[in-house]
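> So that we are looking at the same thing, I have put the structure below in structure tokens.
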Amino acid sequence: MLGNLDKYQIILASNSPRRKELMSGLGVDYVVRTLPDVDESYPADLAGAEIPEYISREKADAYRSIMQPGELLITADTIVWLDGKVLGKPEGREGAVEMLRSLSGKSHQVFTGVCLTTTEWQKSFTAASDVEFDVLSEEEIRYYVDKYQPMDKAGAYGVQEWIGYIGVKSISGSFYNIMGLPIQKLYGELKKL
């Protein structure tokens, strides 16, 4: 079903429980390695879709020196792109509240960069999804932030959580990309190996 994938030991280098959940849904055997501290800054001339792809390669490069032949490393990074600016993970409760206020009643893009790496080659790609939020009340925003603690999520929200149920008006593109891993696109790339 997945071509020559059985010749690789698949390693998901991620601290994200959502990426682990999505990988498990593919039904492939894989192991998880915790990400070391990786500098997630990026060159100022990058914009939008280029940013998470660049960071996913940086994450892969942090592992490259310890990789063994036969290993296939998967790294990813997700950003929310609103009005030409990156919304990464919020800093604290008030940062999350501010991000959700800025998303309320607007459309934005979610970009996830994915990097596939072996000792012999590296390939990266980006997926994009458009998300439109309904207008959120201050009460809804604060309820969500207090109950769901979205400080580990780009844009301060999980589309699969309460805020997605009540606030997401429309989506164009991959739902799973918004969760943090464009699993259909990843599956297509893995089939090519």
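Placement of Cβ uses the backbone N, Cα and C atoms for every residue, glycine included.
Here the structure is a predicted model, which means the values were calculated and not measured.
Not my notes, these are from Swiss-Prot:
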- Arg18: site 'Important for substrate specificity' (SITE)
- Asp77: active site, proton acceptor (ACT_SITE)
- Thr78: site 'Important for substrate specificity' (SITE)
- Gln160: site 'Important for substrate specificity' (SITE)
> So if I measure Cβ to Cβ from Thr78 (site 'Important for substrate specificity') and keep only same-chain residues at least 6 apart in sequence, which ones fall under 8 Å?
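Looking at Cβ-Cβ distances below 8 Å from Thr78 (site 'Important for substrate specificity'), excluding near sequence neighbours, one finds Pro52, Val110, Phe111, Thr112, Gly113, Ala154, Asn177, Gly180.
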> Within 10 Å of its Cβ, which one of these recorded positions (Arg18, Asp77, Gln160) has the largest number of other Cβ atoms?
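When each Cβ's neighbours within 10 Å are tallied, Asp77 leads.
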> Please report the DSSP secondary structure of the residue listed as 'active site, proton acceptor', reduced to three states.
strand
